[in-house]
Amino acid sequence: MAGPQESSTSSGSRKSGSRAVGQFNIGSEIGKGSFAQVYLGWHKETKAAVAIKSVELERLNKKLRENLYSEIQILKTLRHPHIVALHDCIESTSHINLIMEYCELGDLSLFIKKREKLATHPATHDMARKYPSMPNSGLHEVVIRHFLKQLTSALEFLRSKNYVHRDVKPQNLLLLPSQPFRDQRSRPVMQASQDSLIPISGLASLPMLKLADFGFARVLPSTSLADTLCGSPLYMAPEILRYERYDAKADLWSVGTVLYEMSTGRPPFRARNHVELLRKIEAAEDVIKFPREVSITPELKALIRSLLKRSPVERLSFENFFTHQVVTSEIPGLVEDDIPKSLRQESRDPRSAFQSGSPSLSSRSPRQTGHQSPTEALVSRSPRDQQPRSPQVGSPGGSRYARRSNESQRTTGNSPREGGEGLGIRRPVAQHAMTAPVQQVAYDSVTGRNRASPPTSLLDQVRRNRALSNPPITEEERAAQDVALEREYVVVERRHVEVNALADELAANEKLGDASQRSGPITRRYTQQGAPTSTTGAISTPYSRNALATQPRHDRKSSYEKSLSASPGSASSAISKAIQDASLRLFGFKVPPLRASPKGPSPPLYQAFPTYPTPQAPVGLLGDGRNVQGTDEDGKAAQTIEELATRSDCVYGFAEVKYKQLVPLAPSADHILGGLEPEQLVNEEDGLTVEAIVALSEEALVLYVKSLTLLARAMDIASLWWSKKSRGDTGTGLSAAAAQTVVQRINAVVQWVRQRFNEVLEKSEIVRLKLTEAQKQLPDDHPSHPSNHGTESIASSAGSPTKQVYLTPGISAEKLMYDRALEMSRAAAIDEVTNENLSGCEISYITAIRMLEAVLDNDEGSGSETRRLSTGKEAEREAVKEVSGGELDSDEEAHVRKRRLAAVRKKQQMIAEANSKTNLVYQQAVRRRSGDMTPRSVPSHASS
């Protein structure tokens with residue numbers, strides 16, 4: 001049992017391998033997430049390898065703890081060779097340690113990504129030699145069908161127990177080396193039961209697949225529907241993205257995306273967020289295209305297309321999927337070594353030996369009831385068929401496969417679940433029993449093995465979907481709904497929703513040139529007047545596994561002029577209902593629901609404004625009290641938004657300098673399949689000390705927060721402009737062409753702001769995680785150590801599961817920006833005096849001016865007090881004033897910079913004029929010389 005002193009150790013001590021949890025020693029870290037770390041461990045006596053998932057309880061809110069306990073309860077009841085088993089669960093005062101099966105080949109996403117390097121790994125060398133991957137394609141079809149059979153076996157088992165996984169994706173499909181390779185290895189792997197590491201489908205010579213991560217799984221009978229938004233966006237079913245009621249068929253969509261990625265090497269739909277993802281799915285209209293380089297059979301393509309249907313009614317049913325020809329038939333193209341040499345009697349099929357009261361798998365599929373043809377049974381038969389076994393009493397924890405009692409015992413260690421005490425969460429002190437949010441299935445109440453309901457008919461499903469198109473849900477149920485987006489149980493943050501909602505609305509209505517084009521008045525409900533919440537770096541955001549590369553900047557022109565992917569034709573507001581439910585949960589009020597048009601566009605568009613909370617009128621839009629024409633108001637709005645976007649881009653570029661020092665490259669994933677052991681991994685941050693990482697993280701974080709603040713102000717102004725435009729308050733004397741130009745101009749900036757906002761939000765979360773981890777590694781007496789934190793912090797947003805971020809006193813974005821502007825101005829002044837690199841001087845002066853304007857920028861116009869750091873703006877202004885020596889304030893500094901910029905531009909103009917005169921004189925001289933050499937025509941004397 002882990003004591004309190006073990007739980008309070010830092011992550012650095014965890015990596016040392018000196019800790020122990022129960023009967024297991026903790027080794028090196030093999031995985032990491034926002035709330036948990038995964039370590040390689042060994043049993044103290046048997047030396048069998050395990051995976052230890054250590055979850056820090058302080059980082060979890062109530063809902064996340066319920067998800068964790070739900071995962072534990074589900075894993076306690078599941079025993080299947082193709083589902084990752086839970087060996088033990090040990091809870092201390094600050095951590096929950098899940099002892100799970102160790103899958104040393106990593107997950108399927110890494111397997112697909114490194115498919116060209118599989119020949120270099122000992123565990124996959126033979127497979128890559130027999131079934132190589134084609135260039136510009138995915139895995140070999142034999143490997144695809146092998147994994148499909150094993151995944152189908154796991155899903156069929158879950159289906160028999162009325163479970164829906166809800167997060168099937170390559171990252172949750174873990175791989176073990178093949179059984180022959182494991183038998184040759186000296187390092188054993190702990191097995192949950194005597195046959196948990198023996199596959200029951202597929203080929204014995206290929207890696208073994210196991211389904212993992214049941215944090216989003218729940219009991220869902222075949223007649224029930226769920227409405228929780230959870231899972232991973234790239235693999236979410238469209239009905240989940242639309243926030244509609246869904247059933248277990250959502251897992252079949254995810255299976256289709258996994259099959260497509262295995263076949264092509266990439267997901268079928270790629271997007272930055274779930275709104276764009278749903279837009280692409282709807283635009284495809286169920287037309288799934290495969291690259292020409294992909295060489296798979298038409299049967300496999302047809303199966304993938306039948307799974308990737310937008311409508312659950314049209315999607316392949318579970319019964320048809322389990323009995324599909326691709327799943328049950330012989331795998332084509334096998335090498336001679338992988339073809340079974342003999343066929344066993346159907347009565348000896350071990351898959352009919354389930355020892356639980358739940359519906360057996362043998363009664364659910366014709367391929368398991370003895371009606372298989374010899375060709376179908378050739379490959380679908382389990383590798384266990386060569387090991388006949390007798391029935392054995394299973395444990396109460398779940399179903400067990402029977403095995404011959406006199407079979408030799410394997411050398412690997414056995415799970416604690418094999419003992420008579422069963423699996424429970426061991427606590428250091430006596431506490432009340434925990435309550436899992438997922439109701440446990442009463443297996444004893446199941447009468448007979450044929451209890452499983454047949455699949456609902458097409459007519460019944462259509463009738464049910466119509467009845468539930470607008471189901472009555474109480475306010476309490478809405479408030480309790482999850483809004484989770486990645487595998488780390490991420491809650492959608494309020495400002496994140498607002499920014500994307502407004503950008504989608506503008507993109508969808510870009511052609512709205514005049515308010516008169518709108519048909520009918522806009523029905524508005526009451527919404528709270530106020531500013532959005534703070535957008536800080538302490539926000540839980542989806543962690544991206546991809547490299548966050550940024551393009552170098554050679555100029556200080558408006559970077560939002562780049563090409564944007566805003567398509568008015570295909571733009572749609574996919575999560576309108578999700579926005580309403582999230583607003584009720586996160587904001588405290590509800591935005592108006594959407595009214596579906598008679599044609600029923602899917603998804604419906606947002607209404608004109610109330611989706612985005614009304615901000616107070618910003619300073620940039622206030623005039624002198626006189627009536628201003630619509631053209632002037634639109635122009636001022638566009639100019640103000642562009643200025644804020646440009647200032648935020650300057651601050652973002654400064655933050656990127658810090659970020660690239662912290663994250664020079666994306667996390668390398670070459671080690672697991674590159675032939676290296678986890679113990680051989682080196683720390684990629686050895687080039688920076690812990691103090692340097694803390695300093696860089698703090699500076700990058702406050703700069704990212706400042707950039708987010710400017711971007712949020714730009715969206716506030718765009719929101720106010722759009723609300724007036726939608727109500728028809730402006731544009732009375734504006735031509736249609738001019739109005740369209742202004743709308744397109746502002747829409748382009750808004751789309752750029754949305755893209756940059758999401759990017760900065762993601763990077764700020766990465767920096768925040770690095771900062772908190774680095775602070776834990778500091779000495780205990782260091783001022784920045786968590787035990788010595790003061791009150792200066794960036795407060796986390798309401799409802800965020802993350803802790804506060806503590807900053808060193810005196811760190812502020814304004815001070816950093818002022819120092820940077822001063823440094824750039826001095827360097828530019830030296831070049832100006834020497835008349836060197838005047839173009840660089842201009843860029844430096846422009847950047848310095850915009851940074852100073854960002855320093856002067858305040859949040860008074862937006863009405864958002866929470867957008868300020870807890871240290872206060874006044875203290876930061878005083879710090880800037882102290883740096884300048886009290887001689888000039890920030891306004892005077894900006895004025896001086898503008899004067900210097902004007903002087904530089906004047907010099908550049910003079911140099912350009914002098915160069916043009918020199919070129920003109922040179923061209924005239926060349927023309928005269930060439931004229932002397934040109935033959936002249938002889939005058940004609942014919943007339944004389």
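Any Cβ shown, glycine's included, is placed from N, Cα and C.
Pulled from Swiss-Prot, these are the features on record:
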type	residues	note
ACT_SITE	D167	active site, proton acceptor
BINDING	I30, G31, K32, G33, S34, F35, A36, Q37, V38, K53	ATP binding site
COMPBIAS	356-367	compositional bias 'Low complexity'
COMPBIAS	447-459	compositional bias 'Polar residues'
COMPBIAS	516-549	compositional bias 'Polar residues'
COMPBIAS	563-572	compositional bias 'Low complexity'
COMPBIAS	785-801	compositional bias 'Polar residues'
DOMAIN	24-327	domain 'Protein kinase'
REGION	344-423	region 'Disordered'
REGION	443-475	region 'Disordered'
REGION	512-572	region 'Disordered'
REGION	777-801	region 'Disordered'
REGION	860-895	region 'Disordered'
REGION	924-930	region 'Required for Cvt trafficking'
REGION	925-944	region 'Disordered'
MOTIF	428-431	motif 'LIR'
Residues satisfying Cβ distance under 8 Å from V38 (ATP binding site), sequence separation of at least 6: E29, I30, G31, K32, A51, I52, K53, S54
Packing count at K32 (ATP binding site) (other Cβ atoms within 10 Å of its Cβ): 15
Listed recorded positions (I30, A36, D167), ranked by Cβ neighbours within 10 Å, top entry: D167
Mean of the pLDDT scores, which run from 0 to 100, over the region 'Required for Cvt trafficking' (924-930): 63
C-alpha spacing of D167 (active site, proton acceptor) relative to A36 (ATP binding site), in angstrom: 18
Assigned element (helix, strand, coil) containing V38 (ATP binding site), judged by DSSP: strand
